[in-house]
Amino acid sequence: MDQDELKKQVAEAAIEYVEAGTVIGVGTGSTANFFIDALAKIKGKIDGTVASSIASAERLKGHGIPVLDLNEVGELSVYVDGADETNEQLHLIKGGGGALTREKIVAGASRKFVCICDESKLVKMLGAFPLPIEVIPMAQSFVARELVKHGGMPELRQGFTTDNGNIILDVKGMEIMEPCTLESALNNIPGIVTVGIFANRPADVLLLGTANGVKTLTA
Ligand SMILES: O=C[C@H](O)[C@H](O)[C@H](O)COP(=O)(O)O
C-alpha cells in the first residue's frame, strides 16, 4: 500500500466517529481531504461542518456539504484532522499546510479529536518535522531571536500567508522532550499567534493507517 492508500484507509475509518444529527469539525491537508471525500457519501446524516481552512471549506462546499461559521454553532461533536507527527501520547505537530491556528480553535471547540495519520507520522519524540509557528508579521525578527534562545533554527516559509494574514516560521532543531511545557512557553512569546504543538489539548483517538490495517490508539 502506498502512503495515499494508507491515508484513504484511515480517513474512511474516521467516518465511524461521525455522530448523526450533529455539526462536526473538519481539518486540513491531504489526509483530511480523503476524509471530506468520504464524508460526502454520508452528508445527509450530519447537520453541517466547521472547516479549519478556506481550502477545506471550498472542498466541502464542492461536495454540497454545508459549512457553518463557528460563531453560529455550539460545541462540535468531533473534530477529524491529520497531523505531521504524533507520539504515542497523541501529542501532535501540526501546521505543515499552515492551517494550525484555525485547527487549534476547531479542535478546542470539539468534544472529541480524532487524528488520522499514516504510520510514517508516528515518532518516539516530536521535532524531526520542522515546527510550524504562526507569527504576526511585524514580530518576525523578534520572535525568531526568541526561538533561537529555545534552541531552534527558525526559517520563514517563503511566499506563504496564512488564512489569517500572518506568516509561518518553520523551526528546525527542536528536540521536543516535554511537549506540554514547550507549547505553553512558546505561546507566551509576544507575536506568536499559534504554536504547531498540540499537546495541552492532544488528540483523543489516533487512527493510524498501517500495511496491516487501521490501528486505534487512545490518549
Ligand atoms: O496545516 C496543516 C495541517 O496541520 C495538516 O493536518 C498536516 O499538515 C498534515 O497534513 P497531511 O495530511 O497532508 O499530511
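Placement of Cβ uses the backbone N, Cα and C atoms for every residue, glycine included.
Please treat TrEMBL annotations as automatic predictions, because they have not gone through curation.
Record features (TrEMBL):
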ACT_SITE  E103  active site, proton acceptor
BINDING   T28, G29, S30, T31, D81, G82, A83, D84, K94, G95, G96, G97, K121  substrate binding site
In whole Å, note down how far the CA of the residue listed as 'active site, proton acceptor' lies from the CA of D81 (substrate binding site).
-> 8
Listed in sequence order, residues with CB under 8 A of A83 (substrate binding site) and six or more positions away | L92, I93, K94, C115, C117, K121, F198, A203
In the structure shown, with every protein chain counted, which of the binding-site residues T28, S30 has the densest set of Cβ atoms within 10 angstroms of its Cβ?
-> T28
If you measure every Cα to Cα distance among T28, G29, S30, T31, D81, G82, A83, D84, K94, G95, G96, G97, K121, the residues said to bind substrate, what is the biggest one in Å?
-> 16
Simplified to three states, DSSP reports D81 (substrate binding site) as strand
Counting distance between Cα atoms, which of the binding-site residues T28, S30, G96 is nearest E103 (active site, proton acceptor)?
-> T28
